[in-house]
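Peer 1: This is the structure I have questions about; it appears just below.
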Amino acid sequence: MTTSVGVGLARVTVATPKRRIDVALPETVALGELLPHLLRHAGDGMADDGPQHGGWALRRSTGSMLDPKRSLSMQAVRDGEVLHLVPRRQEWPELAYDDVVEIIASGSRRAERSWGRPATRRFALVLVAVLINLGLIAVAGAREPWALPGGIALGFAVILLAVGVVLARAAGDSGAGAVVAGCAVSWAAVGAYLVTGPADRDPTEFGAAQVLLAAVAVILVGVIGYVGVAAYAQIFAAALAGGTLAAIAALLCLAGMEQVEAAAVALTIAIGGLPGYPLLSASLGRIPMPELPERAEDMLDDKPSPKRSAVFAAASRAHQLLNGLLLAASVATLICTLMLLTEPSRWAVLLAITATAAILLRARLFPTARQRLPMLISGILTAGVLAWAAVSGESPTSRLISWLVVITVVAGLVLAAGLVFSRRSPSPRLGRISDILDVAAIMALVPLACGVVGLYQRLQGVFAGVV
């Protein structure tokens, strides 16, 4: 971590070929934006000499080059560290060691990080989440009447939510509070699902009313957690979005729709909203937008700019909300696809294939791993489910051969694409084709969903009655 001197500044020493300068640099600004300012103070003519040797670069004393696209804090530049401004193409001499043991220790540290306090904290939080959710096994193994285990689960969810808020607010540990409060989501969902369940039925036979109650409980926990913990908003944003989709599907079932039809509508909403999730998260995150002048006189007004810290906080909040929305959409895609394939009509299969293609194509437009990975994993799993459903009607031997052929072909294509596109970016033509297919897949969701719910058959019957 960078030690700040003042607000958002890090004090470093920059050694240049002509002089040494002590500067305080912003720790959150990309290093490439700071290099021109450093060159002005590094010596006369240094900026003009850059093209002769490929430009200038900042290196640590160990010789490792700093990434100009990342900030000082992201690269763990410590306060008081000495950075060397050298030609980019200049060979950096290797460090000389007097002891073989020192070489081994240095190589081991480079190969892999040692287990430290942050790793201990992360492991402890993950283990806490796993242990808390393991208690749901006991709830699932309970017997009727379901009101007792459901009420116990709801009470435990309230306790978890209260402990999470206290940890975040009173103890000042928002990470631990978010983990504990996030576990309340699953307990609230299970408890609300069981508490009103009929005593003569198995939980797998419960109806839409129980699903609706569970969805409402998840939404309430998401709202309280988002407001109370005020950190790691992606957990509670995912709960809010997922609970809303489940509530919509349950309400449609209560209105008379079949389970497959409600799943088709929920899937269409989840995937169809992908283009609007960034705008929605920016609006909910309250990112300040620049005000465009309406008149020529407005261009001369010197309006105060928002504080940098406020803008950074809003951007981080919007980023977390977007992560949660995408996670909820990814999980909903997988669940709705499984529900569609319980009664695999032609329209249902086409909708599942189109939704899978849409989420895989849309994933490439999101830059970070936390946004892209859930979508890719969901798309790959749904594609696997579709492939398995396609060969499930064959004999065991034919199914095995077909499955192996499909896996081999897909693995070969993925390997080839990974090796090629890891070395160079896709061509603009391929990107344009992907854009067109992406838009076409999202636009096709509504007509296909109408086919699943039987709208075309109803219209055909209406027109046939008129004629």
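In case you wondered, yes, glycine gets a Cβ from its N, Cα and C as well.
Heads up, TrEMBL stuff is auto-annotated, nobody curated it.
Annotations for this protein, taken from TrEMBL, read as follows:
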type     : residues : note
DOMAIN   : 120-461  : domain 'EccD-like transmembrane'
TRANSMEM : 123-140  : transmembrane segment
TRANSMEM : 146-168  : transmembrane segment
TRANSMEM : 175-195  : transmembrane segment
TRANSMEM : 207-229  : transmembrane segment
TRANSMEM : 236-257  : transmembrane segment
TRANSMEM : 263-280  : transmembrane segment
TRANSMEM : 321-341  : transmembrane segment
TRANSMEM : 347-366  : transmembrane segment
TRANSMEM : 373-391  : transmembrane segment
TRANSMEM : 403-421  : transmembrane segment
TRANSMEM : 433-456  : transmembrane segment
Peer 1: What parts of the chain pack near the transmembrane segment (207-229), using Cβ distances under 8 Å and only residues at least 6 beyond its ends?
Peer 2: 154, 157, 161, 164-165, 168-169, 174, 177-178, 181-182, 184-185, 188-197, 235-240, 242-244, 246-247, 249-251, 253-254, 262
Peer 1: State, in range form, which of 123-140, 146-168, 175-195, 321-341, 403-421 has the highest count of Cβ pairs under 8 Å to the transmembrane segment (373-391).
Peer 2: 321-341
Peer 1: Please give the sequence-distant neighbours of the transmembrane segment (403-421): residues at least 6 beyond its ends with Cβ less than 8 Å from one of its Cβ atoms.
Peer 2: 387-388, 391
Peer 1: Quickly jot the same-chain residues contacting the transmembrane segment (175-195) by Cβ under 8 Å, restricted to those at least six beyond its ends, or write none.
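Peer 2: That would be 121, 125, 128-129, 132-133, 135-136, 139-140, 142, 146-147, 149-158, 160-161, 163-169, 203, 206, 210-211, 213-218, 220-222, 224-225, 228-229, 231-232, 235-236, 239.
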Peer 1: Mind checking which residues reach the transmembrane segment (236-257)? Cβ under 8 Å, same chain, six or more beyond either end.
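Peer 2: That would be 181-182, 185, 207-209, 211-212, 214-219, 221-223, 225-226, 229, 263, 265-266, 269-270, 320-321, 323-325, 327-329, 331-332, 453.
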